[in-house]
Amino acid sequence: MTKIAIIDYGMGNLRSVQKGFEKVGFEAVVTADPKVVLEAEKIVLPGVGAFRDCMRNLEQGGFVEPILRVIREGRPFLGICVGMQLLLTDSVEFGLYQGLNVIPGHVLRFPEGMREGGEELKVPHMGWNQLSIKRRPPAFAEVEDGANVYFVHSYYEMPDDESVIAATCTYGVEFCAAIWKDNIVATQFHPEKSQAVGLSILKNFGEMK
């Protein structure tokens, strides 16, 4: 049985996520086969690009039902960047598009004209920023409040239930930077690009039962 399956649906630099797991001692398999996902102990859904394209590719690749099934069965599941956004109900990126609706909520665009310290904030939000820890999932055991992590995104999550928010970040607005619900942990930031902090998340996820 594959221990960690990284879903390859044509969206994102999956090799960097795979290398992140390798650095902390875990073998992760990049797969475009839904059957491998169904057989895996832990599942990772990365994602870079437009929400609608990511969702379409998941559907065309036959991944939607396997993802919903492994989540229902309680297997550890990690969503990264757009992979986190896809877990919500819908996104307003390029229209209104339905997501997996595992976490009720919406994906919104950063408002225009945001300012901080007298300077206009550019969209996308790109670079290092601080986390404010609200709840600490097992994968965040070594993530300190105020830890710096790496973001690249123009849209952010707004879960209906604030109790699922594990961490927030502020960029013009305070937004949800990480989600934790049961067996699901998801990050808007890229743990594979977040140096020691991010690698600790991958390591602790790999150790989840």
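Cβ coordinates are placed from backbone N, Cα and C, and glycine is handled just like the others.
Listed in Swiss-Prot for this protein:
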ACT_SITE  Cys81  active site, nucleophile
ACT_SITE  His190  active site
ACT_SITE  Glu192  active site
DOMAIN    3-209  domain 'Glutamine amidotransferase type-1'
In all the protein chains shown, the tally of other Cβ atoms within 10 Å of the Cβ of His190 (active site) is 22
Does DSSP give Cys81 (active site, nucleophile) helix, strand or coil? coil
Under a three-state reading of DSSP, tell me whether Glu192 (active site) is helix, strand or coil. helix
